[in-house]
Amino acid sequence: MALSAIVVKYHRLIVVIFSSLAIVLGYFAFAKFSVDSNLASLAPKGENFYTEQLDFLKEKMSSNVLVVVTYANGDVEKTLKILAELKEAFESSGYIQETMKVDDPEIFIKYGFLTVEASNFDKIFSTFDPSLGNFLDFEEWRKIVASSASAYNLISDYARRSDIEKYVLISPDKEIALINFVLKDDFTNISVMNKVVAELKKIASNLEKQWSTKFLFTGTPAGVYESNQQVKKDFALTTMISLGGICAIILAGFGSFAVLVLLFISMIVAMLITLGFVNLVLGEINIVTSFVNAMLLGLGIDYGIYVISRIAFFSSEKRVDESSVSAALNELAKPSIVALLTTIGAFGSMFLGLSKPFVQMAIFAIFGMVSFYLTMMLFLPALILTLKVQFKETRRKLLGNFIFNNKLRRIFKISMLIALIIFIPLGIQNLSNYWYTPSGLVSDKAESAIAFNKVKQSFQKVGLGEICLLADNLEDLKRLEGIVKNSGFLVEPLSVLNILELASNKTLEDLPEVYRQVFQIVNNPFLSAIFHRVGIYPQLLEMLRFVRSTNNLEDIVMELKKDVPMVFYEQNGKSYFVLYTDGIENIYQANRLKNVFNYFEQNNVKVYGYPALLYEVMKEMKKTIYFLGILVFLGVFAAVLLTLRSLRKALFITTLLLLSIITTFGIGKILGFHTTFLTLLIFPVLTGIGVDGFVHATFAIERKEKNLISKTLHSISLSSFTTTAAFGSFTLAQGKLLSEFGSLMAIGFFVNYLLVIYLTSFYKGGGNDENRHDD
């Protein structure tokens, strides 16, 4: 039984079945929806490199430490009271493992505290005998204390400190204060982390109202929570904007409110079925997959537009009835199924990538396209017959009619040739310069970003450095230190060598140099911190005294492992020394990540840490996407060749597809959009989807009927505009990564549309000189 016969005979049953599926699956779609926004999750699972990197990240670079920042504004006493209440409330929540004391060596090194002015430093040591040499001897420090009233007062202050002061860091400018909480739950569990941070934010919000203050969350848990929330907000925002934009275009194109309602209902039904299925099968989607829903709205509505257009065409001189619906579906059957199969082939090839993000994207996109296809080809016409909705063919001027005007057609063809000549070289240049540092998922105005920048501004240094190198022994560590220092674009390294050097036998004359070296490493003079906070860092002092008092390197290493495990790493029963460094300039901007890793590769150095993982993931994405793009391109060529049975037409269509992609990146280069892993997805996606317009146009052209060609181009125009609107909605996303992708994708579909018109102008019946149809 033909598709049209099924719709005509069982239209009421079809409406009931699709409506029921939408209600049931729609519940699952919104009952539990999660997006994993961590770019590290894109790494292929099971491969040794990624397993090593993820293990290292989990132990050394990521943590369950939630940093809460509040504005002190000089009122330290009030701030301490507020943070005391916050600490009590958080610890009572059941989510906190411990509140970190400020005498933890990790806290000391990460933030630093109360730097000494150079003049005071010189004054305090002016009565100290430099010949004694051992500047870490406690007896000599007591002499210093006795000679400095200000230092004595500081130590007295410490002795009188309240309990909360042992947990709070006040910035040197007394503008902000922060407190560190260790969460019980694993930060890698996205759903649990989201719940924990959300509950803690509620507690903090209540205290904000009570004290008229403001708390800012930062650290790994806050970053995970915020990026996840941002992606979910962008997902909802772009979906709603896509719906709105598509509805506006449909109303403008058809001029019928009834048509708008029919297509809107069909879109909602298809979307609910798709999201419900995806949620049941995948449970959680990643950042690559998060844009697919808005894409499906733009692509899926195309089938509905063609159905409405054909029904209106066949009922132009009579009412919409079973015969007009049947005729429309019969005519659409072949081109629509070809378009669907090429799209499925494009996304189906992503299974060959074998990586989780592409498999997820393939499942989401393929089921979504099938869902929208069946909804528009079965449910929509069935709904029209069930409700007996009447609408007429639009009498508005058809888009694309200019193609039959010889003068306008020539101007258009010449303009397109000039545009291609300008943008293709730029596109090739853009595609050849792949960026390993994609834009962020979170806005620069996000709370965690504001908090981090404020802490960095007040404390000057936060963290140890994201680039990590592992050394087998001290000699290897010294070699790596030399490589880092000679780079010219990396900051001074931090490793066990710094501690050993600091604890070595130096005279007081060497102190200024030590002071400067440590200041460069952590922007907080080691000695000044010890001096200012005698008693705050007992672990640190005892560690340095031990290192100073023994010549046994094995004993020293064992002691340092206990006190500062951050500079050691155990792997497969072997111990490594860890060296931390970072870029002098932000390595996540201006493609600096590529330069950094080119330098390390030239020096045969293996790098660990988030930058290393990101770099390798981006390399893997680049290789996989190009492979998929070529595969999709060949698949589309084969499908078009089999469908049209013309090598010339197949070559012409696929060439125009390729030119549309290159031109898109050429325009993107002018607008400042780089080739990143996400924008590169335009290659396989636009190839698989963009061919639809060429297929529909070619089938219409072969009929050599001016009226049919005009209406087909009108439908293609509306379809292209709705797809462009769907991706254009991403420009309003707060996450820059999605915003750039949506902008470039929208440009791509518009360029693709122009080239469909360009193709049409070369065929008989499309307005060539042999068969003129001038207006």
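Each Cβ is built from the backbone N, Cα and C atoms, and glycine gets one as well.
All TrEMBL annotations are machine predictions without curation.
The transmembrane segment feature in TrEMBL is assigned to 12-30, 235-254, 261-282, 294-315, 336-355, 361-387, 408-428, 625-644, 651-671, 677-701, 713-732, 744-763. Under the heading domain 'Membrane transport protein MMPL', TrEMBL lists 151-396.
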Short question: most Cβ pairs under 8 Å with the transmembrane segment (235-254), which of 261-282, 625-644, 651-671?
261-282
The transmembrane segment (651-671) and the transmembrane segment (294-315): do they have three or more Cβ pairs under 8 Å, with pairs 6 or more apart in sequence?
no
What stretch in 361-387, 408-428, 625-644, 651-671, 677-701 has the biggest tally of Cβ pairs under 8 Å against the transmembrane segment (336-355)?
625-644
Report the mean pLDDT of the predicted model across the domain 'Membrane transport protein MMPL' (151-396), rounded to a whole number.
80
Counting only residues at least 6 beyond its ends, the same-chain positions whose CB falls under 8 A of a CB in the transmembrane segment (651-671) are 419-420, 422-431, 633, 636-637, 640, 644, 679, 682-683, 686-687, 690-691, 694, 698, 743-744, 747-748, 751-752, 755-756, 758-759, 762
Under an 8 Å Cβ to Cβ limit, what residues of the same chain, 6 or more beyond the ends of the transmembrane segment (12-30), are close to it?
6, 268-269, 272-273, 275-280, 375, 378-379, 382-383, 386
Checking distant contacts: for the transmembrane segment (408-428), what same-chain residues at least six beyond its ends satisfy Cβ-Cβ under 8 A?
402, 659, 661-670, 754-755, 757-758, 761, 767
